[in-house]
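Undergrad: This structure is in structure tokens; I'll ask about it shortly.
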Amino acid sequence: MGSVTVSNKKSQTTSLNNYNNLATAPVANKTESVTMNNYCNGWIGGEGASAMTSAPNLKPKIVYGTAGYILEDVPHFTDYISDLPTYPNPLQDNPAYSVVKQYFVHVDDSVPQKVVVHKDSERGVHFRRAGPRQKVYFESDEVKAAIVTCGGLCPGLNTVIRELVCGLHHMYGVKRVLGIEGGYRGFYARNTINLTPKSVNDIHKRGGTVLGTSRGGHDTNKIVDSIQDRGINQVYIIGGDGTQRGAAAIFEEVRRRGLKVAVVGIPKTIDNDIPVIDKSFGFDTAVEEAQRAINAAHVEAESVENGIGVVKLMGRYSGFIAMYATLASRDVDCCLIPESPFYLEGPGGLFEYIEKRLKENGHMVIVIAEGAGQELMSEKMQTMNKQDASGNKLLQDVGLWISQEIKDHFAREKTMAITLKYIDPTYMIRAIPSNASDNVYCTLLAQSAVHGAMAGYTGYTSGLVNGRQTYIPFYRINENRNHVVITDRMWARLLSSTNQPSFLGDKCHNEDDIEEEEPLNQLLDGDLSDDTLKVKKEISSI
């Protein structure tokens with residue numbers, strides 16, 4: 001691993017403490033160079049397995065450089081296990097890589113989180129670049145890998161499973177790969193299945209997951225006991241934010257026990273609400289498939305007088321699918337998402353806008369994310385404070401509710417007769433195979449995860465940042481959710497496309513209720529959550 005230089009700046013500790021209230025790594029004098037093992041003694045509270053039992057919760061592994069450079073690094077075996085042997089990477093003898101000019105990623109390669117900067121900007125936060133390393137910490141015959149899928153279904157799950165198995169086998173000669181059936185509880189409640197390139201050859205053509213899935217069932221000690229008992233030393237965990245929090249807990253227990261087990265996450269959420277990464281796999285497929293439902297709603301609506309088509313799409317907390325599907329279709333007149341509250345009655349309300357559009361066009365299409373409008377339903381909801389096994393808030397069907405509210409309004413007002421059709425394609429979208437774009441993305445995620453585990457990295461999620469594959473520490477993935485920023489250009493583009501009102505009126509908000517984040521600079525143009533913007537502001541002050 002070589003050495004790192006930890007620089008001293010007055011505001012570093014204060015600013016980085018805001019990362020989910022996690023403590024920062026110790027800061028040494030600017031000219032002091034320390035070995036990685038000594039650096040990590042302060043990071044985890046001691047070296048070797050004997051120190052693990054009393055180690056505190058894992059702290060961020062932060063490396064500082066010149067000109068405001070910050071590397072939010074990921075853990076490595078050498079941080080807590082000493083005297084590990086290394087081996088030449090077998091890729092150097094792999095015919096597939098013989099044409100590659102540079103086999104291996106340089107040890108100092110990193111990817112910036114913020115890519116749009118001014119000429120005087122500091123270098124800011126970076127993540128370790130993913131890819132094969134010259135030395136690996138596993139021999140091929142030593143590896144016994146396990147793959148598990150958790151949470152809801154998403155296009156691309158089978159593709160990730162396939163590429164993990166084929167990547168381990170074809171790139172690194174790994175022959176023992178287990179599939180854990182039924183999610184986290186499968187570690188101690190169900191049997192495993194052997195996965196080979198032959199057995200997974202065609203699974204990417206199917207929807208769902210061949211391993212099965214479940215929500216909840218996370219008993220960290222039982223899971224790690226099972227990992228030890230089975231002799232597993234690489235664990236690949238595919239799932240959303242709750243699953244990744246579970247993966248972080250598994251990693252911390254593995255580290256506490258001083259085990260040479262790589263714990264690797266692959267982020268999965270069809271809602272695209274995982275922070276830091278550019279997008280989650282399955283999102284492109286979901287947006288593409290949502291077009292079919294929107295098109296059907298449009299055909300139904302325009303075929304009758306005063307026709308209204310209502311389409312409910314996924315988006316419990318974040319409205320990315322609804323927003324991108326609306327922008328892609330050009331047939332949508334109104335898009336409602338959780339981040340943008342709306343109201344029904346009165347001037348500037350939804351009912352007034354519907355009546356206006358029907359008078360202008362004779363029909364309209366409304367797209368609504370499943371988490372939108374929940375505050376309007378709160379007095380009728382019986383599940384307001386209930387959660388599912390994954391910790392997600394149980395929601396009532398906002399699509400059915402708003403459809404009925406629209407019908408009741410026009411029946412009550414008697415201003416015009418309407419015909420309304422409601423379409424909910426949720427489970428059709430979740431269950432389909434991934435499209436070409438997501439298949440490629442799943443391959444990159446899976447191969448990057450394998451390269452990292454073989455190189456001794458652990459406690460990380462493989463993800464795309466600014467178009468580059470990176471290794472992201474678990475705490476950054478788990479610190480918040482990604483949201484549509486309604487003061488961002490992307491939402492402004494949608495409002496321009498649909499010509500719908502913003503609904504940011506007195507009925508919906510007081511002036512003090514609107515949390516408007518001032519951009520870091522006038523060049524920012526992307527889908528950044530409010531929390532991400534706050535973190536970036538603090539980093540920019542270092």
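Backbone N, Cα and C define each Cβ position, glycine as well.
Features from TrEMBL:
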DOMAIN    145-451  domain 'Phosphofructokinase'
BINDING   Gly152, Arg215, Gly216, Gly240, Asp241, Gly242, Thr243  ATP binding site
BINDING   Asp241  Mg(2+) binding site
SITE      Gly242  site 'Important for substrate specificity'
BINDING   Thr269, Ile270, Asp271, Met314, Gly315, Arg316, Glu370, Tyr427, Met428, Ile429, Arg430  substrate binding site
ACT_SITE  Asp271  active site, proton acceptor
Undergrad: When you put Gly152 (ATP binding site) at the centre and draw a 10 Å sphere around its Cα, which of the binding-site residues Thr269, Asp271, Glu370, Arg430 have their Cα inside it?
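TA: Correct set: Thr269, Arg430.
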Undergrad: When you put Gly240 (ATP binding site) at the centre and draw a 10 Å sphere around its Cα, which of the binding-site residues Gly315, Glu370, Met428, Arg430 have their Cα inside it?
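TA: The binding-site residues passing the 10 Å Cα test: none.
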Undergrad: Count, for each of the binding-site residues Gly152, Gly216, Gly240, Gly242, Gly315, the other C-beta atoms lying within 10 angstroms of its own C-beta, and report the residue with the smallest count.
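TA: Counting other Cβ atoms within 10 Å of each of the binding-site residues Gly152, Gly216, Gly240, Gly242, Gly315 gives the minimum at Gly216.
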Undergrad: By a simple count, how many Cβ atoms lie within 10 Å of the Cβ of Glu370 (substrate binding site), its own Cβ left out?
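TA: I count 25 other Cβ atoms within 10 Å of it.
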Undergrad: Applying a 10 Å Cβ distance cut-off over all chains shown, what neighbour count does Thr269 (substrate binding site) have?
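TA: Step by step: centre on the Cβ of Thr269 (substrate binding site), count other Cβ atoms within 10 Å, giving 28.
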Undergrad: Would you mind reading off the Cα separation of Thr269 (substrate binding site) from Gly216 (ATP binding site), to the nearest angstrom?
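TA: The Cα atom of Thr269 (substrate binding site) is 16 Å away from the Cα atom of Gly216 (ATP binding site).
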Undergrad: May I ask which of the binding-site residues Arg215, Gly216, Asp241, Gly242 is closest to Met428 (substrate binding site) if we compare their C-alpha atoms?
TA: Arg215
Undergrad: Suppose we draw a 10 Å sphere around the Cβ of Asp241 (ATP binding site). How many other Cβ atoms does it contain, all chains included?
TA: 25
